[in-house]
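Presented below is the structure to which this report refers.
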Amino acid sequence: MAAVVAATALKGRGARNARVLRGILSGATANKASQNRTRALQSHSSPECKEEPEPLSPELEYIPRKRGKNPMKAVGLAWYSLYTRTWLGYLFYRQQLRRARNRYPKGHSKTQPRLFNGVKVLPIPVLSDNYSYLIIDTQAGLAVAVDPSDPRAVQASIEKERVNLVAILCTHKHWDHSGGNRDLSRRHRDCRVYGSPQDGIPYLTHPLCHQDVVSVGRLQIRALATPGHTQGHLVYLLDGEPYKGPSCLFSGDLLFLSGCGRTFEGTAETMLSSLDTVLDLGDDTLLWPGHEYAEENLGFAGVVEPENLARERKMQWVQRQRMERKSTCPSTLGEERAYNPFLRTHCLELQEALGPGPGPTSDDGCSRAQLLEELRRLKDMHKSK
């Protein structure tokens, strides 16, 4: 019966996804171990995470990225609910993880760590386009993992760096960001799992609120509430002052190089407020996003603002990087202000590019939210060449 309901919910929007879902359902029925894994996930969630989440707005719609770019490429609100609220989402994530490991045995991109005074930021390419991160206090030999979706890849980096994992920072609940919490927290018994209690993050042990600070050695990491992509989405700001270097923003699915995440669980006004939280940070802040979407996003930005020279220069650099499969992160927030359309809703040039409408400086912010909503609609329709 469940297979019929799932297939019906997806009818007309992705027959192939329905077949995948039926396969997962039938496989899970025959596989008792999968059910045990599900019960284990539920039993280890924090008390806060056991509460029933608020219902999603009926206006929400999930539109897929181009094929192969998104672990949640099945479409529809029904699928989103299954993905985030049931064990089917975990099984789907495991399937995507196996495929990515086979396709990219050394990761989807070549990354380079950034070294500061006793602090190292190490990007780890996982799945088909995700990034996890290790933030390391090199003097103390302590590490913090951000969004460790592939525990095998993250553990390999931990062993290579010869550090002790003491904390996991989860930006949000989606499996492509939280899927490694179980294995890593079991392997590293003293490891704490941080995140928002509103998001149902698996294996959460230490709930965080807006402006809470996580301290690990010399690392001072502040949580900033940025709802919109999910209700409890957080970004993490590593303070650069203790090591006399630039601050680092680990943005999850809020902000990408020249892009932003979809508003799955909120409104345009909510997402605008979250993006404004980032805009308040300094220009030299390094942006470490959750996905490698740079080339696609800059292509869309060129459609919106074709005469933006900052975007053109960045696109040329990104294309050279991607020809060699090199990572494009980090960028800086100063750069993003110059070419990221989702951070430029206050700019008259962008409003004029999208046509007439209310002024971008209205006191209630309504017109900026409308512009953001229109940008999101156009981005979802955009296809990269």
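Every residue, even glycine, has its Cβ placed from backbone N, Cα and C.
As annotated by Swiss-Prot, Zn(2+) 1 binding site applies to His172, His174, His229, Asp253. Swiss-Prot lists Asp176, His177, Asp253, His291 with the feature Zn(2+) 2 binding site, giving similarity to another entry as the kind of evidence. Summarising the annotation, Swiss-Prot assigns compositional bias 'Polar residues' to 32-42. The region 'Disordered' feature in Swiss-Prot is assigned to 32-56.
Feature annotations (Swiss-Prot) mapped to structure.
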residue : record                : DSSP (3 states)
His172  : Zn(2+) 1 binding site : coil
His177  : Zn(2+) 2 binding site : helix
His229  : Zn(2+) 1 binding site : coil
Asp253  : Zn(2+) 1 binding site : coil
His291  : Zn(2+) 2 binding site : strand
- Quick note, Asp253 (Zn(2+) 1 binding site) and His177 (Zn(2+) 2 binding site): C-alpha atoms separated, nearest Å, by 9
- Among the binding-site residues His172, His174, His177, His291, which residue has its Cβ surrounded by the fewest other Cβ atoms within 10 Å? His291
- Query: In sequence order, which same-chain residues at least six apart have a C-beta under 8 angstroms from His229 (Zn(2+) 1 binding site)?
  - Reply: His172, Gly252, Asp253, Leu254, Gly261, Arg262, Thr263, Phe264, Glu265, Gly266, Met271
- Alpha-carbon distance [His291 (Zn(2+) 2 binding site); His174 (Zn(2+) 1 binding site)] in Å: 13
- Local Cβ density at Asp176 (Zn(2+) 2 binding site) - other Cβ atoms counted within 10 Å: 26
- Query: Given the Zn(2+) 1 site residues His172, His174, His229, Asp253, which other residues of that chain have a Cβ within 8 Å of the mean position of their Cβ atoms, reported in sequence order?
  - Reply: Thr171, Lys173, His177, Thr230, His233, Gly252, Leu254, Gly261, Phe264, Gly290
